[in-house]
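**Student:** According to TrEMBL, the record shows the following:
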| type | residues | note |
| --- | --- | --- |
| BINDING | R116, H117, G118, L119, S120, S121, W122, N123, R167 | substrate binding site |
| ACT_SITE | H117 | active site, tele-phosphohistidine intermediate |
| ACT_SITE | E191 | active site, proton donor/acceptor |
Amino acid sequence: MFYGIGKGTSYAGRPKLRPSLSLGQSSQKMNCKVLMATTTLPWASIPGSSRFPKLQNDSCPRTFRVLCSSSSPELPLTGKLENNSLMTGGAYDFENATTSLTQKLMSSPKKVTLIRHGLSSWNEESRIQGSSNLSILTEIGVMQAERCRKALADMDFDQCFSSPISRAKSTAEVIWQGREEPLVFLNSLEEAHLFYLEGMKNVDARQRYPQEYTTWREDPSNFSVNGVYPVLKLWETASEAWKEILFTPGENFLVVTHKSMLRALICTALGLEPERYVLYLP
């Protein structure tokens, strides 16, 4: 499952993150951003020559929505997940997915719940964050993380993995509060490094670096700085993160990270290439 608990449904005049494949449903009610995409990684896969995985529709069209409203803090939770909750949009028995992540078949199914950090200071200021540690979780972001914690209170997790970057780390600490196992911080879950664009307001970056900014927004897999391609690097680190997560004993994991890394995690789990990475979808 993927929960976007950050800013509202619009960002810089564009729609929020949505999956590039039909893995879930998004809610755009009021000033909230909720996106769910359940990926239950299968314990067995069938080798084949197909480059991309083949998805089968889940027969359980049930969804849960958690409202994280910055304009209505008193808004009640509209859904609560439990260990036996049915999920939507599962990807089952598809080719070249499990083995592409771990190089071998896993001994048991793994359920991974992906969560984006709450509203940060640079989200509010419409600044490009990247891997900067200067953008911190706001009071609203803390509130959103607390709502997420309550929504997940009845779910048992074997481990929680988080990006060590401040805004994600703070979100994970709130959500994981009261759990016995210690948080595990993985450098492989850090956000893409965007070099000189980090910290700039979007409007300023668009004016000062029009070509680079446009490439990053419209053709991100081809965006590069001094020969370094952030999205290609993201694919490498996402694949490394999957190995670290999936080789951990247990079957139910929580992951707290960033917008671009979440896209990379979902795409690499499905065997998709970096060209399938997009910042925004219509």
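Just so you know, glycine gets a Cβ as well, placed from its N, Cα and C.
Map these features onto the structure and tell me what's around them.
**Tutor:** Counting every protein chain shown, 26 other Cβ atoms lie within 10 Å of the Cβ of R116 (substrate binding site).
Of all Cβ atoms in the protein chains displayed, 32 besides its own lie within 10 Å of the Cβ of H117 (active site, tele-phosphohistidine intermediate).
Taking Cβ-Cβ distances under 8 Å and a sequence gap of 6 or more within the same chain, the neighbours of E191 (active site, proton donor/acceptor) are Q129, G130, S131, S163, I165, A168, T257, H258, K259, S260, M261. According to its DSSP assignment, E191 (active site, proton donor/acceptor) is coil.
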**Student:** Can you tell which of S120, W122 has the most other C-beta atoms within 10 Å, given these are the binding-site residues?
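**Tutor:** When each Cβ's neighbours within 10 Å are tallied, S120 tops the list.
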**Student:** Helix, strand or coil by DSSP: which one applies to G118 (substrate binding site)?
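**Tutor:** G118 (substrate binding site) sits in coil per DSSP, no helix or strand.
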